[in-house]
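> The NADP(+) binding site annotation in TrEMBL covers Gly10, Cys11, Gly12, Gly13, Val14, Gly15. Positions annotated as domain 'Aspartate/homoserine dehydrogenase NAD-binding' by TrEMBL: 10-155. Annotation source TrEMBL lists NADPH binding site at Lys137. As annotated by TrEMBL, domain 'Homoserine dehydrogenase catalytic' applies to 168-366. The L-homoserine binding site feature in TrEMBL is assigned to Glu221. If you look up TrEMBL, you'll see Lys236 marked as active site, proton donor.
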Amino acid sequence: MKKMTLLLMGCGGVGRQLLRHIVSCRSLHATQGVHLRVVGVCDSKSLVVVAPDAHMLELDDKFLLEVCRVKEDGSSLSKLSGFGACRVFAHSELTAKVFNMVSHLGLAVVDCSASSETTEILSRAIDLGCCIVLANKKPLTATMEYYDKLVSQPRRIRHESTVGAGLPIIASLNRILSSGDPVHRLVGSLSGTLGYVMSEVEDGKPLSQVVKTAKSLGYTEPDPRDDLGGMDVARKALILARLLGRRITMDSIKVESLYPDEMGPTVMSVDDFLSKGLPLLDTSICKRVAKASVSGKVLRYVCVIEGTRCEVGIQELPRDSPLGRLRGSDNVLEVYTRCYNKQPLVIQGAGAGNDTTAAGVLADILDIQDLFP
């Protein structure tokens, strides 16, 4: 039985769902001859590790499910002290202890956080020849110097879930690039939230109503401006552009926000934005929808990567194209290459949600199992 040792960083929705997937797939993985050993779990404040010996022991399934319960209740991992065979380390000790684990255990570091503060740990893991699996986009959108280091050992990094949750976007592009088929153009709707918003306003619904509905359905962040500002899509676009060999930073990407600066978080509260700010944007979006419709087109919030161009914002697209037919919160990416020229390769499916994203992370972990003894 091949044993893979894991350290999980991040216990939010994706991290918790990953732990549940690991537990629920024990029988399946046993038939595949692999066992996932979770020896440590950390959030921004605490680290929980198996005791007394992470070389031999692991956090058992009962403990992993308790981690999920505690974090779902909004409590700290420190609450787990005394529950099972574990040790809890406070924030002041966290980084040093993680460094120690990375240095002495041949493991995979799985980053399901949304933090830019994991970069130091990931860098140390790379230096020591460990594997890293990312759902966190921020490490891959840091400086070019840091990005180069992360991807310097391509066999030891997987990050499919940074762009399309469980969709095979990164793997498909890597296969195309490895075959020598140059990618000329990428056009994608890579935000389930904005995909839903744009397809709903196409039906004549006011933007303000659509955003409020999306928030009530759990499609948006607590502050919908985190989605409407386009930065999440911009990070995904930067990851894709760098994968294609573009040596660019976030400052190189033109990003269209769906709200003006005077409605930003430092000016308006969330409640004021929803009740007073958003309704002021209804008319302009409605006019853009009508203008596109006259030409047989629809509005979609997309990223476009072509040559030196890399931008994120609203585009008018043919109604009968894959992106034009997009409904709801699915993601779609059109890939244009020498081989996929007039008829692009289209990758489409659920591109958001904790369950889908965690499944993508789990698949990435299993994809590197051959690097473990």
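Glycine is treated like the rest: Cβ placed from N, Cα and C.
For each feature listed, report its degree of burial, its nearest neighbours and the pertinent distances within the displayed model.
The Cβ of Gly10 (NADP(+) binding site) lies under 8 Å from the Cβ of Cys42, Asp43, Asp111, Cys112, Ser113, Ala114, Ser115, Ala135, Asn136, each of these being in the same chain and 6 or more residues away along the sequence.
When pLDDT is averaged over the domain 'Aspartate/homoserine dehydrogenase NAD-binding' (10-155), the result is 91.
Non-local contacts of Glu221 (L-homoserine binding site) by the CB criterion (under 8 A, 6+ apart in sequence, same chain) comprise Asp227.
Around Lys236 (active site, proton donor), a 10 Å sphere centred on its CB holds 25 further CB atoms from the protein chains shown.
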> Quick one: among the binding-site residues Gly12, Gly13, Gly15, which has the most Cβ atoms sitting within 10 Å of its own Cβ?
Gly15
> Write down the Cα-Cα distance for Lys137 (NADPH binding site) and Gly13 (NADP(+) binding site), rounded and given in Å.
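Gly13 (NADP(+) binding site) to Lys137 (NADPH binding site), Cα-Cα distance: 15 Å.
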> Near the NADP(+) site, what residues other than Gly10, Cys11, Gly12, Gly13, Val14, Gly15 in the same chain have a C-beta no further than 8 Å from the centroid of the listed C-beta atoms?
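Here the nearby residues are Arg16, Gln17, Leu18, Lys71, Cys112, Ser113, Asn354.
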> Quick check on the domain 'Aspartate/homoserine dehydrogenase NAD-binding' (10-155): DSSP residue counts for helix, strand, coil, in that order please.
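Helix (H, G, I), strand (E, B), coil: 70 helix, 28 strand, 48 coil.
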> Going by Cα-Cα distance, pick out whichever of the binding-site residues Cys11, Gly12, Lys137 is nearest to Lys236 (active site, proton donor).
Lys137
> Please report the distance from the Cα of Gly15 (NADP(+) binding site) to the Cα of Lys137 (NADPH binding site), rounded to the nearest angstrom.
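The separation of the Cα atoms works out to 14 Å.
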